[in-house]
Each structure stands twice: as structure tokens, then as C-alpha cells.
Amino acid sequence: IATPGHAQYGNHLDQEAILAMIAPKKESVDLVQEWLDKELPSSGSDVTVKGDYVTVQASVNTIEKLLKTEYSTFIRASSSEKVLRTLQYSLPANLVGHIDMVQPTTFFGLQKQRSTISEWHELTDEFSTEAVLDVPGCTGRGITPTCLANLYSFASAQNQSVGLLGVAGFLEEYAIKSDFTSFLSNYAYFSNKSKSFTCTPVNGGTCPSSPAGVEANLDVQYAGSISSNVPMTYYSTAGRGPWIGPGTNTNEPYLEFLNYLLGLPAESLPNTLSISYGDDESTIPVSYAVNACNLFSQLGARGVSVLVSSGDSGVGSECQLNGKKSFTTAFPTGCPWVTSVGGTSGTSPEGAWTSGGGGFSEVFERPSYQDATVAKWLATDTTHNAVSQYFNASGRAYPDVAALAVNYQIVVSGRSVGVSGTSCSAPATAGVIQLLNSGRIAAGKKGLGFLNPWLYGTASSGFNDITTGKIGGCSGVISGAGFNAVSGWDPATGLGSPNYEKLLAFATSTA
């Protein structure tokens, strides 16, 4: 259903069909239910079964007895946040092979992929070093939607209004409507500057009018301004669901968010989803990564195009894995069921942004849709030979595409500031993809859904090939760490940056 030319292309599935496909064996359901009935008290706990997962709400003491473990309070070094977790747990022997994972237990949660947000600055200086002046609408002060509209050829797409664009929000990052209105007034490339967005609370999330989140405002301001008049929803997902115990409640919201979306009827699903959150792949239990990635595959099957930032640490920061030197990859951008968006800088020419994330997953194998493309790079590119021992050449390669990631102008609490990172390029690219999805819907076609087979096949020539620059990383741990941007696909900028007019021609001609 995602491969152009196939008889089933575009025939996206409804949730009932997916639930039937992923339903566990009756034996597994019965054994788990029997275990819970035996171990949980008759009152004070709540069990919900849906599809292939079971949700149990109970006191910490009850869960400790259930899992034969003890939860403790940990302090996250980066934020001093207190996290209630355990380092191990036990399940009955007869449940081995019937339960894939139990969370929250040993996983401490995904973090914001926006290391450069700490460098956000007041827009008082010129940034002529970014070489943007040759493009209409671009100035030495930084990047705006008008600049991107001319650079990526979507300036003519001002009248799209069908469909729905979604932006994922986590960790108490709030998108502020007054800042969005001010941003459109100052920077929008299209004439309708009265556009707003809907905030939808998920998993106990809220939609306050303050404080403004830099990440949240960045995401909605660029995804929303680029997608013209298409409606947009910001999903404010709380990581603080029902919890009893000491410390800060940090129920990991990622699975809850994805399951929330999958529970929506087809008419309420976004056509495109932008996500700017993630973490080092090595810090995430494999079972968690696989299960979350499977949920992304279900979203794609339901017709949602998911775009994820590739990270802001190049090929890694610490570059140590199991005591050995190694490039470190990111999740969920390394999941083969999402479209990974890397970063570029400058426009004359546009080159790889040195901090843009890129690499090869250690968890997920290279998918068939990128086999030929990546194999060609491995065989013909010689610039990576000196570092080939530090990455998994058979893993899922990313990014898939890229876009400008440096010095985006945004509005935060009424002030214009500049930010950088693939948290910029991801929502910008999501806005372009939504224009394509809206164009197809307006023409009576289905949305593109899972993008990657189309991107690497039919649409592969719809991108601006990036052939200059290099992504770095490893902070001196590995000499020469990084990947060069070269002709064709590369793990620095993927297939390149979008050319909307070319992609639109491919999108509207695809059945």
C-alpha cells in the first residue's frame, strides 16, 4: 500500500483491519489475564486490554509486587528531574515468549532532540555567513518561510486548504497561539495571515496560554506557515499520567501518543505528522524501540506520513558503544517506518550542516526500499572508507531527506529569536509534504501515507542534491568522524532538500 505501481497502492487500512493483523494469540491473552487476575488486588487497580497491549493502573506498591521488583527515584543529570524507575523486574516463566516488554520499568524516556535550542538568540545581528542573500526573501538575519518558499519552490502553493497536519508535542512544551499569529503577521509567505491551530491534549496533557515553549513554537510556526491554509493540530502529550509514588511522575508518553493516534477514526487522523523528539538508540531497550517502530508502521499503513528530526550531534557525541569506539545512532529517526529529516546550511550552495544527524541503525536492518540506493553509496563513495569500522553498514540508513536547519526566525513570548537544529528542518519538511498530501486529496486521490518507498523510487529525482559539506561529531574520540555530502544519496543529507514543484508533479501523477 506504500509502493507506487502496486495494485494496492494507496489503499490505507482502517484500525479494525490493523488490530486483526496484530492481535496476539488467544493463549497469550489468556495467560497474561490469568496472571493479572491472580496477582492484582480485587480493588485499587484497573486493567485495560486493547489490541496487542494491556494497560495496568495501580499503586507503585502493587506494581512492585506484580513485577517482583522495587522502584527507586533517579535524578536525570541533564535536567535534575526526578524519575521513578527500576533497573530490573521479573515475570513468571510461563509468560516468556508471550510478553515483549513492560513499561515504564528500565527505560528513562526519550529526550528533546534540540541541542542547539540552548543557543537560541535575539535577532540583533546579521548572519551573512549563512550565504542566504542570493535567494529572494532571504536575508542575513536568518531563515523565514518566505525564504524557504523561494528556495524550495512552494511559493505558488498558497491555496491548499484540505487535509490535516499534526505536530507532536511532549515534555510540557506549549505552543502559543498569540505567538503564532505574530509570526504569521511578520513572516508568512501566503496572504491569509489569520490562520490558527488546534491544540489537542493527549494522555492528560494541557493547552495553556503560557509559558511559551521554544520547541513547540518553532514546530507549529514553520509547519503551519509552510502548509498554507491547511488545518493544523498540536498534540500536547503529557508524560505525567496517573502515578502514585515519590519523585516526579514520568510515565513515558511516546507509546501513549502513538496509540492515541491509532485509535482515531480515519477522518480525524493527520495526513502528515512532524516529530522533533528522540534520543541515542543505545539508551533505549530494543523491545521498546521495536514496539514503538511497529506503531509507526501502523500509522503509515493508516495513511499518515511521519517525519522525524535526525538529531543534532552528527554521527554522535560520545561515540562509545559497549566499551568500543563507535558512531552512535538515534531513535526514532532510525526506525525504517518514519522519514528521517537531516540538516543543511547556506543556499549558495546549500551544503550539509555539520551537526545534522546521520548514520546507520544498530537495531533495525536496512529496508528493501533503500537497498539499491545505499548499496550504491557504499560501493562508490570512498570518503567513508577511513571510518567504515565505526558504523553498521547493513543497518537502516538515515537521513532520508534534508532541509535548512540554521538560524530560523521564530516568535517566542512576543520576541523574535533565532534557533537552529533538525528541529527546524523536520517541521519545515513536514509542511512541504502536507502541501503534497493536500494536493493529492484535492485531486480526489489518497494521501501519500508512508513516504519512503515513494521517495526512494518514483520521487527520488524531486530533490536538490546536496554535494558539499560534511556532518561531524564524536568530539575528537574518533579522528575524521562524519560523513560527506556527495552526489546522490548520502548519510549526511539523504536524497537532498525538497523541490516542491518537482515533487508535486510526481505526487499528482502517482495513482
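Cβ atoms here come from the backbone N, Cα and C positions, even for glycine.
These figures come from a predicted structure and were not determined experimentally.
As recorded in TrEMBL:
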ACT_SITE  Glu215  active site, charge relay system
ACT_SITE  Asp219  active site, charge relay system
ACT_SITE  Ser423  active site, charge relay system
BINDING   Asp465, Ile466, Gly488, Asp490  Ca(2+) binding site
DOMAIN    142-510  domain 'Peptidase S53'
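Only Ser423, from the recorded positions Ser423, Asp465, Ile466, Gly488, Asp490, place their Cα within 10 Å of the Cα belonging to Asp219 (active site, charge relay system). Geometry remark: Glu215 (active site, charge relay system) versus Gly488 (Ca(2+) binding site), CA distance 31 Å.
Applying an 8 A CB threshold to same-chain residues 6+ apart, the list for Ile466 (Ca(2+) binding site) reads Thr344, Pro349, Glu350, Gly351, Ala352, Ala402, Ala485, Asp490, Ala492, Thr493, Gly496, Ser497. The Cβ of Asp465 has fewer other Cβ atoms within 10 Å than any other of the recorded positions Glu215, Asp219, Asp465, Asp490.
Figure note: comparing Cβ neighbours within 10 Å for the recorded positions Ser423, Gly488, the maximum is reached by Ser423.
DSSP assigns Gly488 (Ca(2+) binding site) to coil in the three-state reduction, outside any helix or strand. Separation of the C-alpha atoms of Ser423 (active site, charge relay system) and Asp465 (Ca(2+) binding site): 21 Å, rounded to the nearest whole number. What surrounds the Ca(2+) site, by Cβ distance within 8 Å of the Cβ centroid and not counting Asp465, Ile466, Gly488, Asp490, is the set Thr467, Ala485, Val486, Ser487, Trp489, Ala492, Thr493, Gly494, Leu495, Gly496 from the same chain.
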